[in-house]
């Protein structure tokens with residue numbers, strides 16, 4: 001929808017939204033807010049950059065806070081994958097400091113370049129938004145493509161100088177926790193993060209069919225996945241219990257504990273096909289056998 005010729009009276013956000021609502025009654029409330037936001041700023045670089053950065057911070061730390069609360073509650077230890085390694089407040093604070101430093105020094109400059117990248121690759125910011133069904137299948141595709149990128153890039157980071165000088169930073173915590181999802185070397189943040197950002201951008205470049213709001217929903221879900229896979233808990237209601245191909249915290253926690261194998265981000269099949277999960281399955285079998293043996297002795 002082209003609204004560049006519309007005359008808006010007043011500069012307040014609410015006044016702009018109300019006028020646009022009268023001009024475009026066919027738009028839903030969220031679409032009206034979206035349009036009013038861009039009209040209010042009247043600067044797409046600032047509007048998109050600010051929204052992108054705030055979205056990232058709110059989603060990332062907002063998702064981490066529940067896991068911090070869970071870590072502080074002994075009741076949940078029964079589902080902690082490494083129950084003897086609960087992060088201390090000092091560890092979480094130290095992790096938060098480095099994560100915030102990387103957000104403001106590494107990610108913020110990239111985020112402020114996001115609107116020019118959107119324009120270059122052809123992302124739409126107009127209203128109305130695309131149908132929900134289109135968003136769902138595009139985001140599903142991005143999950144599969146990002147998982148492929150992540151597997152191979154992550155596996156590369158476990159070789160020689162790539163691990164010693166870059167990826168070793170992320171492996172500081174052998175028992176990961178939610179906040180540690182983005183505790184990483186700047187080069188790792190850029191290269192692994194490329195799967196999240198540039199996969200959709202390249203899709204848009206070749207298809208000319210992607211909306212910024214779809215991109216935001218995708219990034220939100222990807223942040224949820226990253227934080228949850230580092231949280232260190234495997235609940236009976238975890239997604240991998242209902243979707244067996246989903247990796248989840250159980251899959252990634254072993255990677256941090258053993259410093260090898262299980263290189264995928266969201267799914268399990270790359271590790272299964274290339275047999276980089278064999279040690280993981282052997283470890284789980286030994287742990288299960290030890291559990292049964294302990295229960296048998298207790299029953300006697």
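Glycine is treated like the rest: Cβ placed from N, Cα and C.
The domain 'Fatty acid hydroxylase' feature in Swiss-Prot is assigned to 140-276.
Taken through DSSP, the motif 'Histidine box-1' (154-158) splits into 3 helix, 0 strand, 2 coil. Annotation source Swiss-Prot lists motif 'Histidine box-1' at 154-158.
The average pLDDT computed over the motif 'Histidine box-2' (167-171) stands at 97. What Swiss-Prot records for 167-171 is motif 'Histidine box-2'.
Within its own chain, the transmembrane segment (186-206) has Cβ neighbours under 8 Å at 102, 105-107, 110, 117, 121-123, 138, 141-142, 145-146, 149-150, 153-154, 157, 166-167, 169-170, 214-215, 218-219, 222, 265, counting only residues six or more beyond its boundaries. Sequence annotations record features per position, and here Swiss-Prot assigns transmembrane segment to 186-206.
Proximity of distant same-chain residues to the motif 'Histidine box-3' (251-257), defined by a Cβ-Cβ separation under 8 Å and at least 6 residues beyond the stretch ends, is recorded for 81-82, 171, 173-176, 229-230, 232, 234, 240, 263-264, 268, 271, 277, 280, 283. Residues or ranges marked as motif 'Histidine box-3' in Swiss-Prot: 251-257.
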Residues in the motif 'Histidine box-3' (251-257) grouped by DSSP into helix, strand and remaining coil:
7 helix, 0 strand, 0 coil
